[in-house]
Each structure stands twice: as C-alpha cells, then as structure tokens.
Amino acid sequence: MKEFDTIAAVATPVGEGGISIIRISGDKSLDIVSSIFKGKNDRTLDDIKPYSMRYGFIIEKESKEMIDEVLVSYMKGPRSFTAEDTLEINCHGGVIPTKKILKELIKSGARLAEPGEFTKRAFLNGRIDLSQAEAVIDIIRSKTDLSMKSALKQAEGTLSKEINSIRNRMIKIIAHIEATVDYPEDDLEEITGQKIKVDLKEIINKIDNLISASEEGKILREGLNTVIVGKPNVGKSSLLNALINENKAIVTEIPGTTRDVIEEYINIDGIPTKIVDTAGIRETEDVVEKIGVEKSKEKIDEADLVIFMLDLSKKIDEEDIEIMDFIKNKKYIVLLNKLDLNKDLNEENHFIKELDSKYIIKTSVKNNSGLNELKECIKNLFFSGEIKSDELTVTNARHQEALIRSRESCIQAIETLSDEISIDLASIDIRNAWKYLGEITGDTLDENIIDKIFSEFCLGK
C-alpha cells in the first residue's frame, strides 16, 4: 500500500438536506477527527472500535464552541473504501455546519481532496482496478435501472476477471515462444507456431464477444442521443412532451415557436434515451430562428438516432426533401404524424418510397397513438433481442478502443506466423495486445491518463 497524506472532502451534494457527510482518509484521519470531537460525557474517539459509530459534537479548536451534533463512523484500513483508515462525519445537512466542519478538519492537518481522489487511492492501493474505479462514476451517473446494474457488474470486477483471464493466456503464449527461441529445434518451431495461431484465434473470438456488445454498452452508459427533426409545426415539441409525459416544450399553432434546443432523458425499457427537440428546419430571415436552425443541424450531426417527422395533413415539399437529404447517412425513424386529421398522405408518393428506413410509423402525437410502436422501433434499431442485466457488457469507449487495438495486434501476430517469419517477432505483437488490454484495468496505462480519468469524478468520491 502506498503512503499518502490525509485528505478530507464533503461526500454529499451541497445544499439543505437531512444530513451531510464529510469523508476523511489517511493514516492521520483518526487523530485529526479526535482532536475536534467531543463525545457525550466527554468521551473521545481513542477507544472507538472499527466499523462502529460514535455520537458527539464537533468543536471549534480555538473558541471551544460547538459547531454541530454529529455521528462519527470509523473504518480501519485496509478494510475500507480507500484501503486506508477512513472516517465519515454525519452532521446536519446545511451548508454552514458542513463548511465549518470541513474547515476545522483542514486546520487540524487534513488536505482538501481533489475530485475523485478517494477512488483514486482505492485504485493505487490495489483495492480495485481502473475499470472498477470507472464503474463507480457510472453508478453515480446511471439514468436507468439497467444502466445501473451494468455498472454494478463492472464494479464487482466481472470485466476485470475476463480481461485478466485473456491477458494470462497471452503471457503463457509469450512464455512458450521464448522457450522455443531459447531451445530451437527445427520441428518444434513449426508445431509451436501452429499451436499459437489456434490459441490466438480463440483469444480473438473472446475479444470479439466483448466488442460486439460494446455499442449497446456505450448506449447504456451514455444514453441514446435521439434528435427530433422536421419542418416547423409538424409536432416535434408535442412529441417531446408526450414522451416525457410533461409540458416541457411550448406548443402553439405558430410555426417557429421552438427556437432553441430542448433536451430531456426518458427510459425506454431500461435504455437511457436523451430526446432532443430542435427548431424546425426551414429557410428563415428571423435572426434568432436562423441560429436555432443551425443548432438543429449541429445536433443532427451528433445524434445516434434521428426521428424525422412529416405532417400527414400536408403534401411533401422541398423543405422535407432537404431535411431528408441532410439525415440520409444517419439511423432514422420516420413518423407520419397528425393521423387524427384523416388526411392520409399518399404512401405511393415517390418520396415515401425513397425513404431508406424500415421504420415508418403513422402517429397521432395529440392522441398518444403510435408512441409505443416508436419506442419498440428505437429499441430494435440498437439492441438485438432482450437486454439482460446479467450479461457482461463493455460500456466504456476507452475500453472498446483498447479491445480493438488488442485484437488488431493479435491479427498481426497471426499474419507474422503465417509468413513464416521468425517466431519471436510474433511475440512483439502479442505483448502489444497484452499491453492494450492492461490499459482497461490500469496495469499498463500512463499516469497522466489515469489522472485525467479521476479528475472527471466529483469531490468526495
């Protein structure tokens, strides 16, 4: 375990609430808290047992005045989150008492923790690996039950075990190659080369299984970025309101009412989906509306999915065709809206035939008709079959990239062996593949990148 100074931070959101928790970790944490704690009947923390709590007060050292009534819990390292001696002070959930207690801890010898420093210490002290540490922030940011369960599995080390299993197999192959080079025999090298190719193909298959679910995993982690587009007044804002079941966007008969981008998250069978309502795309001389149209186009570029809305009560025009041309390279669903007006758009229309989407849905957003079909289409576009929370899913783009690079190195090793080049050259590619997988767990990752990952965490975590 590494040696560090003692750090402190507020672990709960700032503001009014039932309680606030101030976390302190390091070898001097018990001494520091003891110096400002006064228990009932002048009891101290000298005899506090690990994994227990003690009632008392935090006292300002200089004035000897009481700051707040508290409960102090003590977790002795290495059996704590950071693998260090850790204390948590539970005080009343107000801004003033929380700040005053933290200030007193700093005055008594603790240092204000950096964002993510508690989790970083858990990683550096060997209690968790980097993929497990990243899962902590995924749990905090999860937007659906399914995304939380996926993050919890990663936090438990499910991904780490699979990665370590593959890396151990790679090390055995490298050792086999080195033994062959050290004790060369004409027929031994050929046999070893053939065996290594078989092993590498099995490893690639395992990596492929992880990569295949990574796009779905990325959506579970980051959400499905879904943008609603169409001309003004086709029902985009009404669709947003219907999907989130709230009157978030202003709906009027006046075209061009929505001039800015409105974003909300919804849960579609466990899939966190960000719904983005955009300004209607059309030619306009209105300066503000024109800015809104440009923002709409930017959001389309960023989208995972586009919902293209057409008005069943009106004929297709040049503006519809221009929008279609703009989204043709995206995944999209077409909504033929305003079915309730009974003015059915001619589905034999050449434009409708040209729509490159198997998902064309007639809807009446006003009457909530077709919304369930829309949600089912969204799920089917990105997920094959039922999404199961017990399956191992790669959710992090960094992990996906490392897997892809590792796979490429394995393929390069097979090509080297196939070209009958000296077998020890293949070990270079296999070692690179091993290194790339180690970036997922943090075993072979540059310290600056590790620092950047933890800097994205919140204070107190």
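Cβ coordinates are placed from backbone N, Cα and C, and glycine is handled just like the others.
The (6S)-5-formyl-5,6,7,8-tetrahydrofolate binding site annotation in Swiss-Prot covers Arg23, Glu88, Arg127, Lys461 and is backed by sequence analysis. Within 10 Å of the C-beta of Arg127 ((6S)-5-formyl-5,6,7,8-tetrahydrofolate binding site) we count 20 further C-beta atoms, all protein chains included.
Among the features that Swiss-Prot reports, domain 'TrmE-type G' is placed at 223-383.
DSSP gives Asn233 (K(+) binding site) a coil state; it is part of no helix or strand. Summarising the annotation, Swiss-Prot assigns K(+) binding site to Asn233, Thr252, Ile254, Thr257.
Among the features that Swiss-Prot reports, GTP binding site is placed at 233-238, 252-258, 277-280.
Feature annotation from Swiss-Prot assigns Mg(2+) binding site to Ser237, Thr258.
The average pLDDT computed for the domain 'TrmE-type G' (223-383) is 76. In the structure shown, across all protein chains, Ser237 is the one of the binding-site residues Asn233, Ser237 with the greatest number of other Cβ atoms within 10 Å. Residue environment of Lys461 ((6S)-5-formyl-5,6,7,8-tetrahydrofolate binding site) contains 20 other Cβ atoms, counted within 10 Å of its Cβ in all protein chains. For Glu88 ((6S)-5-formyl-5,6,7,8-tetrahydrofolate binding site), the spatially nearest entry among the binding-site residues Asn233, Lys236, Ser237 is Ser237, judged by CA separation. A sphere of 10 angstroms centred on the C-beta of Arg23 ((6S)-5-formyl-5,6,7,8-tetrahydrofolate binding site) encloses 24 other C-beta atoms. For Asn233 (K(+) binding site), the nearest of the binding-site residues Arg23, Arg127, Lys461 in terms of C-alpha separation is Lys461.
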